[in-house]
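J.: Grabbed the feature section from TrEMBL, which reads as follows:
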BINDING   Arg21, His22, Gly23, Glu24, Thr25, Ser26, Trp27, Asn28, Arg72  substrate binding site
ACT_SITE  His22  active site, tele-phosphohistidine intermediate
ACT_SITE  Glu97  active site, proton donor/acceptor
Amino acid sequence: MEESRFDCEEDLDYAEIVVVRHGETSWNAERKIQGHLDVELNDAGRQQAQRVAERLSKEPKISHVYSSDLKRAFETAQIIAAKCGKLEVLTDRDLRERHLGELQGLVYQEASKIRPEAYKAFSSNRTDVDIPGGGESLDKLYDRCTTALQRIGDKHKGERVVVVTHGGVIRSLHERARPSARKVEKILNTSVNVFRLFDGEKWTIQVWGDVSHLDQTGFLQSGFGGDRTSG
């Protein structure tokens, strides 16, 4: 492998963080709301994880791999870590998906009928509304996951690290880096999103939503769970 500039330049004033959404699950395919429920990858998701791992293994060296502790993210991270130097996966609960309260486990199309109050809270344009059943507001998700990424960035200046997480988290990270930009829609499974975190808590995005490692049949076109449905 070609020597990474992250190996030979010690004075870089930023951490490069490759944020990857987990591979597909059966619940993504069935349009079921996951949130904090611990659903593992399906076969398509494992193939997606292998593809993104192969891609990242050919890019500049990865020093560490972080992951949400939920199975769908952790398994994706393990596949990447094995391919990128047999690294250990470091889990962080703050990288979990948004807790969606009473909506978790429901088929999205049925949620408004089965749990109307929870669905109303989920659909609200306000960012400070908690979802009944222990669910989080968008503000709580934002604070939790942006703090987690900043913590990782502060620890790994001059390094390139991978973070495997969830669609709702990645949308919040995008908002932190580009607060005046339009809200993002779909975050596809195993999409690659490259952030640089500089001194002074400045964030930039170098790569966004890249799934060039997948062919057109290799991912859910709907982006379910990586759109507003969170998963």
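For all residues, glycine too, the Cβ spot is worked out from N, Cα and C.
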J.: Neighbour count first, Cβ atoms within 10 Å, every protein chain included; then name which of Thr25, Trp27, Glu97 tops the list of recorded positions.
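T.: Result of the Cβ crowding comparison: Glu97.
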J.: Long-range same-chain neighbours of Gly23 (substrate binding site), Cβ under 8 Å, sequence gap at least 6?
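T.: Residues satisfying the criterion: Leu41, Ala44, Gly45, Arg46, Gln47, Gln48, Ala49, Val52, Arg72, Glu75, Thr76, Asn189, Thr190.
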J.: State the Cα to Cα distance, in Å, between Arg21 (substrate binding site) and Glu97 (active site, proton donor/acceptor), rounded to an integer.
T.: 10
J.: Going by C-alpha distance, which of the recorded positions His22, Thr25, Trp27 is nearest to the residue listed as 'active site, proton donor/acceptor'?
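T.: Checked the recorded positions His22, Thr25, Trp27; minimum Cα distance to the residue listed as 'active site, proton donor/acceptor' goes to His22.
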J.: Does anything in the same chain, at least 6 positions from His22 (active site, tele-phosphohistidine intermediate), have a Cβ under 8 Å from its Cβ, and if so what?
T.: Leu41, Gly45, Ala49, Ser68, Leu70, Arg72, Ala73, Glu75, Thr76, Val164, Thr165, His166, Asn189, Thr190
J.: What number of additional C-beta atoms lies within 10 angstroms of the C-beta atom of Arg21 (substrate binding site)?
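T.: The answer is 30.
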J.: With every protein chain in view, how many other Cβ atoms are within 10 Å of the Cβ of Arg72 (substrate binding site)?
T.: 31
